Amino acid sequence: MGSKPKDSSQAHLHHRAMLEEVVGSAFSAESIVYSYKRSFNGFAVKLTEEEAQRMADKEGVVSVFPSKNNKLQTTRSWDFIGFTRDVPRIPQQESDIIVGVFDTGIWPDSLSFHDQGLGPPPPKWKGTCEASANFRCNRKIIGARAYRAVGPLPPTEAWGPIDTNGHGTHVASTVAGRLVDNASLYGFGLGLARGGVPSARIAVYKVCWGRTCEDADMLAAFDDAIADGVDILSLSIGGLVRPFFHDGIAIGAYQAMRNGILTSNSAGNDGPNWYTTGSLAPWMLSVAANTIDRNFAAHVQLGNGNVYQGVAINLFDLGGKQYPLVYAGDVPNIGGGFNSNISRFCGVNSVDRNLVRGKIVLCDSSGASFPSLNGAVGVVMEGTTTWQLIRTFPLPASHFNPPSANPIRLYITSNPAPTATIFRSVEVNHTNAPVAADFSSRGPNAISPNILKPDLSAPGVNILAAWPQNVPISPGDPLSSPYNFASGTSMACPHVTAIAAYVKTFNPWWSPAAIKSALMTTAFPMDVKVNRQAEFSYGSGQINPLKAVNPGLVYNASESDYVEYLCGIPGITPAQLRLITGEDIICTDSNTGRDLDLNYPSFALFMGRGQSLRVFFPRTLTNVEATVSTYRATVYSPPGLNVQFKVDPPALTFHGIGDTKSFTLGVQGWLSATDPTTVSASLVWSNGVREVRSPIVLF
């Protein structure tokens with residue numbers, strides 16, 4: 001994308017003139033989709049591959065890239081992270097914060113979005129509300145827009161910012177929902193519903209339809225949101241790993257950063273394998289998901305009397321009555337062309353209805369298609385990465401991870417007439433929380449291995465938040481509810497967005513990088529013994545809201561720092577740089593850095609095995625307290641490691657707010673074949689009161 005045009009009123013005409021040279025004047029008007037002109041310069045257009053190549057070859061065109069599809073990725077969760085109802089707040093500052101939410105829209109009639117007690121929108125607000133017969137804004141939801149560049153609307157959607165999915169409403173209320181007493185899902189999770197910054201304003205940008213979100217739409221939303229005056233952006237949206245110059249979220253977030261706006265982005269739900277997170281840009285805040293200390297158990301009792309605990313929000317109770325139990329792989333719909341290898345997953349129409357009627361079915365997948373189970377009285381599911389994702393089902397259900405389901409499978413195979421019953425769910429305590437969610441996408445960083453991703457973690461499992469009354473609580477379920485449970489990094493992201501906004505209310509002039517640093521260096525360290533891939537699953541740790549308000553020191557970064565980082569990416573061209581930054585940049589020795597040179601609040605180093613390395617990470621710390629203070633460095637590392645760490649200098653004295661001091665972290669040695677796949681250490685700067693902690697990850 002280019003810089004903001006000097007005359008935005010002429011930008012569309014200029015874009016159309018360029019397009020006419022490629023497709024002709026007769027087709028230019030219908031081909032152009034968006035002109036990005038409020039905050040940066042560019043346009044989205046419908047072209048054939050040949051036309052796209054001709055456009056790319058034109059003078060003045062930086063780059064042409066295809067618009068890609070991205071994917072959509074609470075009462076207890078705030079208390080779990082120590083952010084109780086009575087935390088200190090600055091009400092006027094909080095009500096001036098505008099949070100931009102890119103998602104599926106919003107359900108404005110939810111009690112979580114009432115505007116009682118709120119004054120007019122802050123004067124900086126320059127946005128608009130696309131009101132209609134079924135949608136209105138108020139002093140809480142101060143703006144709403146919808147974007148749809150390509151294709152017809154999905155059959156379940158209506159044009160406009162109204163939410164017909166549920167995802168956007170859930171996310172928005174987690175960030176900034178008002179206080180609502182006695183919120184629950186049919187009695188489950190009963191308590192006070194509230195967002196992290198309940199007085200903040202919400203600006204809605206509907207860029208997702210169904211489960212997909214187009215780059216072209218998101219760039220148009222970034223263009224508007226920046227000009228509208230938002231303070232923080234929340235994107236519970238993600239995609240596959242791709243170069244930054246082909247990544248609409250990374251490009252838009254860069255332009256937001258240039259305008260002092262931090263973008264919080266979900267890490268993705270493709271874990272637990274390595275290199276699965278697509279949220280990699282260092283100017284964004286990438287959020288992983290972890291568990292909280294509450295779960296909901298749905299117990300299954302077999303005919304032999306043994307009881308096993310699965311998870312689900314099970315609203316139904318079979319009254320203890322035993323029903324025949326069958327394995328889906330044993331009852332394929334042969335007449336429909338299915339065999340046991342397909343039916344075991346309970347796909348659409350894959351099981352024989354006559355053989356499951358009046359029975360409980362064991363499925364090998366959590367994605368059971370319930371229309372295919374018509375006549376079944378219950379379902380027991382097993383799944384690897386999804387068993388933590390509690391949800392409701394339109395019939396009695398319970399969900400197990402594979403090892404826990406083995407006794408049930410063995411019981412079926414060893415009994416001629418197996419039976420079971422499923423009980424209504426009960427709330428249970430999750431004693432070892434926080435634990436990284438299995439589904440949460442992992443690092444390392446596929447673009448820059450020496451920059452740790454994700455950045456930090458937040459509650460994203462079993463989160464209760466607002467839900468549209470026009471959307472069932474689960475697919476195929478006739479029930480609706482004003483509040484519903486959901487899980488995913490999409491639920492973790494708005495927790496971090498809210499705390500970033502909370503920190504900004506106390507520190508309104510901090511840069512996006514300073515806010516990000518404060519959140520990362522004060523995060524609660526998580527236990528490497530119970531978390532797969534350690535920091536590659538949770539970053540710096542679980543967010544710690546109250547400490548983040550005053551971290552003592554921050555690792556700040558400006559646009560020029562990110563330019564140096566981008567110039568260091570092997571093979572990047574001036575045209576690609578301009579697409580990301582909006583500027584004509586020539587990379588030279590003086591403005592080209594390594595990824596480990598970026599002033600980042602964490603440290604990652606790819607070492608391999610058996611290779612001796614000696615590497616130095618340069619860093620600069622900025623004091624954010626008014627007092628004179630001396631901080632001393634301590635490195636914590638596992639015993640027996642063949643790696644030495646050295647901080648130079650080991651002590652730094654700061655004189656007032658804004659004072660900066662630089663240091664280097666030296667890492668020397670090697671990893672052996674017997675060392676863990678991921679070695680976790682940390683650097684802590686402490687003045688006796690504040691601790692500024694950064695993870696060090698060797699792999």
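Each Cβ is built from the backbone N, Cα and C atoms, and glycine gets one as well.
As given in TrEMBL:
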- 4-72: domain 'Inhibitor I9' (DOMAIN)
- 95-541: domain 'Peptidase S8/S53' (DOMAIN)
- Asp103: active site, charge relay system (ACT_SITE)
- His167: active site, charge relay system (ACT_SITE)
- Ser490: active site, charge relay system (ACT_SITE)
- 597-697: domain 'Subtilisin-like protease fibronectin type-III' (DOMAIN)
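Across the fold, the C-alpha of Asp103 (active site, charge relay system) and the C-alpha of His167 (active site, charge relay system) stand 7 Å from each other. For the pair Ser490 (active site, charge relay system) and His167 (active site, charge relay system), the C-alpha distance works out to 8 angstrom.
Note on His167 (active site, charge relay system): other Cβ atoms within 10 Å of its Cβ, all shown chains, come to 24. Classification of His167 (active site, charge relay system) by DSSP places it within a helix. For the domain 'Subtilisin-like protease fibronectin type-III' (597-697), the number of residues in each DSSP class (helix H, G, I; strand E, B; coil) is 1 helix, 59 strand, 41 coil.
Here the domain 'Peptidase S8/S53' (95-541) returns a mean pLDDT of 93 for the predicted model. Taking the Cβ of Ser490 (active site, charge relay system) as centre and 10 Å as the limit, one finds 29 other Cβ atoms among all the protein chains shown.
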